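Peer 1: First the structure, then my questions, so here it is.
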Amino acid sequence: MEQNSRALIDGFNRKIDYLRMSVTDRCDFRCVYCMAEDMQFLPRQQILSLEELFQVAERFVALGTRKIRLTGGEPLVRQGIVELCGRIAALPGLRELCMTSNGSQLGRLAQPLFDAGVTRLNISLDSLDTDRFKQLTRTGDLAQVVAGIDAARQAGFKRTKLNCVVLKGRNDHELVDLVRFAIDRELDITFIEEMPLGTISEHERGESFCSSDEVRERLAGQFTLIESTESSQGPARYWRLAEAANTRVGFISPHSHNFCATCNRVRLTVEGRLLLCLGNEHSVDLKHVLRAHPGNPERLEKAIRDSLHLKPYRHHFEVGGEVQILRFMNMTGG
């Protein structure tokens, strides 16, 4: 990777070159680990406009960011999202523009997103059972999501990745089937330990926790897992399958194998808070900077640079412990 003299370096000498941007807190699903069933969403005036989102993206790319991931809520329910993708994708120096989606809108938007310059998709898929999928998402239609997954492949997306949050007693018996689903479609799949964000009522996190080591041990009974050194510039650790050359299995393990030492990313909430760590509340209000100093990229750049001293070395998630972070995942950016 080329060095940029303006690159963002935090207090622990970690280069920050990956920005996760939430473009909306709204979603057409109500996943049990992500938000409350009666979630109250932000009024429009409190969220960043598409132009403000672009201005932040432009500044980060100018400061050496090489990967941007658009998240939500569900990013595809934000009006104007395809046009925003096209503008961000065209920024000189950006290598990857990725998106995390629940897949519900990909049937109609996969091709426009690909044409706009989105390079990769992550699609959430927590169950292959229609009823269980509905229970976990509260409102989701499995057939619609599968159609969206297939539409992404037809549109030309490569290395599409499925994301599965593993909940013991709810979907952990589907692990092998989910991998086989990924193999059949030549997709990658990542299993994620649930992150303790927001107070939920659907399950007890301590009881539903399933570690990445346990998931890997179960999969090893059916597949030959070969550890890989490949990276997607994010927190996932990957294994290849001897049985399937075109599928990788990844693990994101915030509890059992935290990835803080090599953290290269920050998050922008749709409210304009620049979060320096997923598991801490250290943040800077970029919305205030954008609105108090419109059309002043130097002030925005200074705020971004000054924020880095707030980035902690690590989070301190605890399985089953008292919730320390009250914001839900949809407010953070999944």
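Just so it is clear, glycine is given a Cβ too, placed from its N, Cα and C backbone atoms.
Taken from Swiss-Prot, the feature domain 'Radical SAM core' covers 11-236. The GTP binding site annotation in Swiss-Prot covers Arg20, Arg69, Thr100, Lys161, Arg265, Val266, Arg267. As annotated by Swiss-Prot, [4Fe-4S] cluster 1 binding site applies to Cys27, Cys31, Cys34. What Swiss-Prot lists as S-adenosyl-L-methionine binding site is Tyr33, Gly73, Ser124, Met195. For Cys260, Cys263, Cys277, the entry in Swiss-Prot reads [4Fe-4S] cluster 2 binding site.
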Peer 1: Show which residues of the chain containing Arg69 (GTP binding site), separated from it by at least 6 in sequence, have their CB under 8 Å from its CB.
Peer 2: Tyr18, Leu19, Arg20, Met21, Leu97, Cys98, Met99, Thr100, Asn122, Gly234
Peer 1: Do you know offhand how many angstrom separate Cys277 ([4Fe-4S] cluster 2 binding site) and Arg265 (GTP binding site) by C-alpha?
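Peer 2: A Cα-Cα distance of 8 Å.
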Peer 1: Could you give the maximum C-alpha to C-alpha distance in Å for the residues Arg20, Arg69, Thr100, Lys161, Arg265, Val266, Arg267 that bind GTP per the record?
Peer 2: 21
Peer 1: State the Cα to Cα distance, in Å, between Gly73 (S-adenosyl-L-methionine binding site) and Arg265 (GTP binding site), rounded to an integer.
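Peer 2: Taking the Cα atoms only, Gly73 (S-adenosyl-L-methionine binding site) lies 19 Å from Arg265 (GTP binding site).
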Peer 1: For a quick check of packing: other C-beta atoms within 10 Å of the C-beta of Arg265 (GTP binding site), how many?
Peer 2: 21
Peer 1: Counting all other Cβ atoms within 10 Å across every protein chain shown, which of the binding-site residues Cys34, Ser124 scores highest?
Peer 2: Cys34
Peer 1: If you average the pLDDT over the domain 'Radical SAM core' (11-236), what number do you get?
Peer 2: 93
Peer 1: How many angstrom lie between the most widely spaced Cα atoms of the S-adenosyl-L-methionine binders Tyr33, Gly73, Ser124, Met195?
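Peer 2: The span, Cα to Cα at its widest, is 15 Å.
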Peer 1: Looking only at C-alpha atoms, tell me how far Cys27 ([4Fe-4S] cluster 1 binding site) is from Ser124 (S-adenosyl-L-methionine binding site), rounded to the nearest Å.
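Peer 2: Counting only the Cα atoms, the answer is 13 Å.
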Peer 1: What is the one among the binding-site residues Cys31, Met195, Cys263, Val266, Cys277 whose Cβ has the most other Cβ atoms less than or equal to 10 Å away?
Peer 2: Val266
Peer 1: Hey, does DSSP put Cys263 ([4Fe-4S] cluster 2 binding site) in a helix, a strand, or just coil?
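Peer 2: Cys263 ([4Fe-4S] cluster 2 binding site) sits in coil per DSSP, no helix or strand.
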Peer 1: In angstrom units, rounded to an integer, how far apart are the Cα atoms of Cys31 ([4Fe-4S] cluster 1 binding site) and Ser124 (S-adenosyl-L-methionine binding site)?
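Peer 2: Here the two Cα atoms lie 10 Å apart.
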Peer 1: Which chain-mates of Lys161 (GTP binding site) that are at least 6 residues away have a CB under 8 A from its CB, listed by sequence?
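Peer 2: Residues satisfying the criterion: Arg120, Leu121, Asn122, Ile123, Leu187, Asp188, Ile189, Thr190, Ser232, Gly250.
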